[in-house]
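The block underneath contains the structure these notes are about, expressed in structure tokens.
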Amino acid sequence: MRSPQPLRNGGDNSCSPSHNRRFQSTVAEHKLRRFNSLILVFRLVSFSFSLASSVFVLTNTRGSDTPHWYHYDTFRFVLAANAIVAVYSVFEMGASVWEISRGVTLFPEVLQIWFDFGHDQVFTYLLLSANAAGTTMARTLKEMDTCRASNAFCVQMDIAIALGYAAFVFLGLTSLLTGFRVVCFIINGSRFHL
């Protein structure tokens, strides 16, 4: 009859039920939960700024004699980039809430880590390029007499672009944190150093 206790002195007992389990302390679980909560907060702030930027662009129509945002390709790009990031942030906030509440990722762990990091990088650069293009067009309009004739249009576009830059900053910070998770996964085999 085999002993139910594991072998001592370095022996291997692969029949034990705890053989495949990794030790995880409650302190490590709290650290992971805090880390994921920080990512969730950054995603929420990024969502708020990108949604506000989209709303500011969409509502920037005064009358028939003033310029409209849809007449300028760069302002359409600013709207599209911020709207895409807002939708992506909603999805990622849902995935973060799922991970915090259940303790597991929505997709398999390796896929979730690379998905988050890759998309955070792509959408961060998308926001940066859209807002840089919008800044250039806003400067061009100020050099022309467009902003003198319709100052409210230019001010509202400046606000929308500034909100887009704020969304870029917080999505960039999220990208740094998800990059940290990728590095931890590569080094330790886990998304967070436990």
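Glycine too: its Cβ is placed from the backbone N, Cα and C atoms.
Annotations in TrEMBL come from automatic prediction, not curation.
Going by TrEMBL, these are the annotated features:
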REGION    1-20  region 'Disordered'
COMPBIAS  11-20  compositional bias 'Polar residues'
DOMAIN    35-170  domain 'Casparian strip membrane protein'
TRANSMEM  40-59  transmembrane segment
TRANSMEM  79-101  transmembrane segment
TRANSMEM  161-187  transmembrane segment
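Residues 69, 75, 78-79, 82-83, 85-86, 89-90, 92-93, 96-97, 100, 127, 156-157, 159-161, 163-164, 166-167, 170-171, 173-174, 177 of the same chain sit 6 or more residues outside the transmembrane segment (40-59) yet have a Cβ under 8 Å from a Cβ within it. With DSSP states grouped into helix (H, G, I), strand (E, B) and coil, the domain 'Casparian strip membrane protein' (35-170) comes out at 116 helix, 0 strand, 20 coil.
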